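Below is one structure, written out as structure tokens; comments come after it.
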Amino acid sequence: MMPSHMCWPVHRPEMQDLLFIMTDQYLGPYRLESKLGSGGMGSVFRAVHAKTGQKVAVKLIAEQVADSERFRRRFSVEVETLKKLDHPNIVRLIGYGEENGRLFYSMDIVEGPSLQQYLKQHKRLGWQETLQFGIDICAALKHAHDLGVIHRDLKPANLLLAPNGHIQLVDFGIAKMFGAGDHTAAGSVLGTADYMAPEQAGEGKITARTDLYALGSVLYACLAGRPPFGGKSITTVIEALRREAPVPLDLIVPETPEELSELVHHLLEKQPGNRPPTALVVGNRLRATKRGLEAREAQTHADGGLQTQLDDPTNNDDLEVDEEYIVKDDTAVSNLQGPGTRAKSERGTHDMQTLDATLASEPGQIPRRPPTVVSRGDAGTVGGEEPPAPVSDTSFRTVDDSERRRSVLAGGGSGEHAVVQWLSIAGIVLLLAASVAFTLYMLRPPSADSLFAAIGAADAAGNTTNSKREIERFLQLYPSDPRAEQVRQIADSLDVESTIRRLRLDAIRAGGVDYLPPPQQTFLKSMLEREQDPGHAKQLLQHWLNVYGHDGLPRSTETKRLARLAEIELQALGQRPVDDGESGVEELTASLRWAAKNLPPDEQARFYDSVIALYESEPWADEAVKDAKLARKILAEK
């Protein structure tokens, strides 16, 4: 720790940091190599430990921030808490210190882009990749929350993509150092507006569920290509965050699995109490969803047999192996690793768009011991040919694989032991057979009757959208079933309604229906007319098809699709019973007669006035309205 404090004649933080690295090449034990990024709170440098050669990322706190006594008081306390975090999906904090009055802390290094950079490159991610990223983030959050640490600023810029394809989180709890405490002050913003929770934009208490909301925002951005709320100013974003619901994912990306979409919107609930309780619960749901969707996809794409991918039971990534006891055939015992060694990937922290920096790292090296000599005095060495004399008390012989197999099967010459071995083998075979049978049973396709029953139940309850998966599976598995045409009609109806919802959303974004391209504009207007006047809607759809329905007409793929949907809806409208209004006239006339006989004069007057107000503009009710006006006039003359 250096007691002196340097004053710079330059007021821009980035220039101060540049002068710092030019004049002082060291921060504590670290030699600074290059600057990787900067932000309002400081800068990140690539650095190397002067003695050990360990490569790290060093974050140098900006001078104007470090001068705050309030910040200094909580800096050491918070960093000590963060040092407890030790998880494969969290960039490890190594240490912290002060140099010439400037506070800094060091972190591990990882090679790879931030999720923010990855999204800029790929725009949108598939559900498989999104689920895996969500599982990684949940594992990190669960570890941190168990230790009482809340991230507070979870966003794509703080999520780094390691070389092994897994996510690592950086800057855990750093937002708290720069913030005000467990409660956000009224009107203040703690975190990134695009991904913050509603309670961070108000006076709510910051809890573990605050991180879960941010997780939902990150998953939403992965699938939709943008955060749930956006705007030209932070005020607009915060206002939308507090009051508006995010646009449903199935409207933006219809191919998003329903289970994943429901979970994301569950995480984006405004009230913390309405969100999932813990990162463990969310992680389990994500894993279950991933397994279910992968199994369903494997079953769907199976061609002539079961083609499903199961978890690899031989994955020993987390297994500690003492290599001292591994013996190789006919070789000297040498270059053995130390007991219990594990290869760990380097982790890092860098995003060029923010304070975080993504650093390159060298693959972890497994330490090895020098060649081991087993001897007694000058008796000889293990390996190669041993001298004939003198004879060592220590003997060593390798056992090759063929001899090992013979020993297991023969049982070392003991009949009783051989029986036990064969029974064990038989038990293992039976267990494997049972496992395969159970897997086949669980992955068997549902019957046509069960699928149709589920579709019918949803249709009867008015929740046909919820049976979308069953409809797709029925048509895929049983296209020749007598009920397939009925199911196909339901699927067409769903397609029509989802297209209308999408066009309405496009119209809202464009500023109104009239700002849509002409084919989409007139198609949507025709469809919306169905609710007011089905007959007129039928005429409009027929006119639309007369213009855009010709097969030889040069038209876009979207217009061709709309033409197919227009034909489907036109057919559906043609099957509706025609109501000429006679039943309505009879019912209204009967009501007028009843009122004349049963209501007192003052209530009769109100009744006639209401009939006139409701039906005066309806052509089919002309006679009934005339009767009501006449009765009202007679009543007034009395």
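In case you wondered, yes, glycine gets a Cβ from its N, Cα and C as well.
Along the domain 'Protein kinase' (30-287), the predicted structure has mean pLDDT 85. What TrEMBL lists as domain 'Protein kinase' is 30-287.
Taking all protein chains in view, 29 other C-beta atoms sit within 10 angstroms of the C-beta of LYS59 (ATP binding site). Classification of LYS59 (ATP binding site) by DSSP places it within a strand. The ATP binding site annotation in TrEMBL covers LYS59.
The annotation region 'Disordered' is assigned in TrEMBL to 296-316 (among others).
Annotation comment: TrEMBL describes 362-404 (among others) as region 'Disordered'.
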